[in-house]
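Per TrEMBL, the features are as follows:
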- A:132-418: domain 'NADH:quinone oxidoreductase/Mrp antiporter transmembrane' (DOMAIN)
- A:6-24: transmembrane segment (TRANSMEM)
- A:36-57: transmembrane segment (TRANSMEM)
- A:77-98: transmembrane segment (TRANSMEM)
- A:110-128: transmembrane segment (TRANSMEM)
- A:165-189: transmembrane segment (TRANSMEM)
- A:209-228: transmembrane segment (TRANSMEM)
- A:278-300: transmembrane segment (TRANSMEM)
- A:307-326: transmembrane segment (TRANSMEM)
- A:346-364: transmembrane segment (TRANSMEM)
- A:376-398: transmembrane segment (TRANSMEM)
- A:418-442: transmembrane segment (TRANSMEM)
- A:454-475: transmembrane segment (TRANSMEM)
Amino acid sequence: MLLDDLPVLPVILPLIAAPVCLLLPNNKLSGSFATVVAWGAFILSVMLLQQIATGGAAEYALGGWASPLGIVYRIDLAGAIVMSLVSLMAAVTLPYAIESIRAEINGYQISAFFAMFLICFAGLMGVVATGDAFNVFVFLEISSLSTYTLVALGAKRDRRALTAAFTYLVLGTIGATFFVIGLGLLYQVTGTLNMLDINEQMQGQDNKVVRAGYAFIVTGIALKLAMFPLHRWLPDAYTYAPSAVTAFLASTSTKVAIYAMLRFLFTVFGFSFGFADVAFTFFLILGLIGMFYASTVAIFREDVKMILAYSSVAQIGYMLLGISFATVDGVGAALVHVVQHAVMKSALFMAVGAVFFAVGSHRLSAYKGLAKKMPITTAAFLIGGLSLIGVPLTGGFISKWVLIQAAFGSVQPVPTLLIVLMIVASSLLAVAYVGRIAWTMLLEDPDNNAPVKAVPLGMTIPMLLMAGLTLYLGIDAGGLIELCRAAAESLLGTGLGFGSAS
Amino acid sequence: MIEFILARYNYWIVIALMMTGLYIVFSRGNLVKTLIGLNLFQTSVFIFYITMGKVFGGTAPILLGGHAEEGHGEEHGGDHAESTHGTAYGEHEDSYASDPLHEGGAVNTIEETHAELSPGESLHTAPEGAVNELARAETPAGDVAKAALDHGTEILYSNPLPHVLILTAIVVGVATTAVGLSLAVRIREAYGTVEEDRLEAIDNQDDRAEVLV
């Protein structure tokens, strides 16, 4: 019975747990409860992943209404990977949050914080699980609305969190509304909201309405995933949010938006739609510009969290680049990078949070000589940083390697060698901004020798776990690459199989 | 050409509202005004969805079937169906039977609402060239449904799905506005202003102060 409902359980579980969490007292109890829920969702997601890897895509009709009429959850391999990733991140970040949040938000808001966290988590899982286009919007807004409040909770330490949350709210809402307009146009053409059904009804159609719908949907999701010119909300929101929130958001929310983008590009629109080429060219160009622009900006920031936030914008460029190849290898590489980047960024932001806990600042000047005072945190940070650059034996190397391979295997309007050179060159920019922090931590003398506050184990263990996972995925990544390739095949397979040409 | 434009006036309203809303969001420095712009922008989408769901000549999407047999041939067959306020049919039968005057009253109000609704709402799916005159000459949607019932032909309903969708979107919009306004209140508490220029100036000052420390 449990197995029959497996596709829906990882979404329902945190959603139901959230109000319960709100009723719990403002101490460790609410956090522990949320952690248990997240681990439960993670175990269910992994079970689902296993089931789908062997038995193919799972479909679940909510309320017993069958596919085109009712709302269905449809999870294929790509979805199962992202769901496992998101639930893993929640399961690791929540115990971290129990400790880190006590210093960062007001005591009376603790159980509300965890309730919001669970709602955000449920929303993100829902976006991935659902096979209904309008449901994507609803879940996207569930997760976004809770994210705005989570970001704003950083206001106790820095009031700029409020303005950051407000900007995020305005831009996020515009993005969501664009998405709804696009859906409306598609509904006018097809008369259905089921993703697979839309694809079927739209076969061979190419008119102004479909094109407008395409443009609205792609722009809307691009705002949510902070594609280069639409990234304005991201650096501030990541910088001023509480540490645990940043670690969770950086590793999940943009990733889920990338997944939604993949879903709409390949499952809903598919390759029979000629206008798609224009979008792929856009992704290629904007991805490349984003990589360079954001990396360059990151070099000149004085705030470590801000540097990492801009680096996130740059890394999203790599994922868009992979998508723009529109081949199995390219999309597979994008998925590999989604996983790798989520793991390394959460390790990095957790390290930054640990420093913030101990020193009380995330400005670069506070990092002077930190290697001597906080060796474990420094080690975790450096592993994440090296992975960000793409040094061999770390996860980042694997994803760049796969991406470069995919670039060589694709046909592009610009020479592929140029794209590859640009990928390598932007990695050099990563050397600059990571190197700057590493230099400050390792080689500069600390301002004073006052001992720092000890970081509790609840924060150290998740951080080391993620750093360890970064190393593990850098050494033994064969399974992940295979899985992502199979996922990309299943994604592109629904869109008339153009991508299997490679 | 003019007919083409006029026949789609719902869409022009949608576009005008959408652009007005977006312009306010981008141009106004006051956070509350920004939220008002955002609301306007979202409202245009609501109208867009409502327009989408309307079928030319269609009636409210509430099932008239089953009633056709008993009401067939009688004057108020269609009227019953049109009193669509969620009351059970049985109750209506009773009240109508006992109080003929009441029946007349009910019919009138229904027809009034239709007179208000039909010319505007049923326009957009009109075939090209069939413009205002045609729509005005058209019998109100309720009568169409009644006639259809009387003659045993199929009843034309408007599409309920976009309405349901937009109800969801309205709820999301209300939640967004609530969160946005409460953020504005918190910003006002923390900074003492909700003007974006002032906020930016204060933030820049803080930044400089931090660098000096």
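Heads up, residue numbers simply count up from 1 along the chain you see.
A Cβ is built for glycine as well, from the same backbone N, Cα and C atoms used for every other residue.
Model, not experiment: these values are computed from the prediction.
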Would the transmembrane segment (A:376-398) count as touching the transmembrane segment (A:454-475), i.e. at least 3 C-beta pairs under 8 angstroms with sequence separation of 6+?
yes
Chain residues outside the transmembrane segment (A:110-128) and at least six past its termini with a C-beta under 8 angstroms from it:
10-15, 17-19, 21-27, 30-31, 33-34, 37-38, 41, 45, 75, 79, 82-83, 86-87, 90, 94, 97, 101-102, 135-136, 138-144, 146-147, 149-150, 153, 245, 248, 252-253, 256, 259-260
Intrachain residues whose Cβ lies under 8 Å of the transmembrane segment (A:36-57), provided they are six or more past its termini:
3, 6-7, 9-10, 13-14, 17, 21, 74-77, 80-81, 83-84, 86-88, 90-91, 94, 118, 121, 125, 483, 486, 490
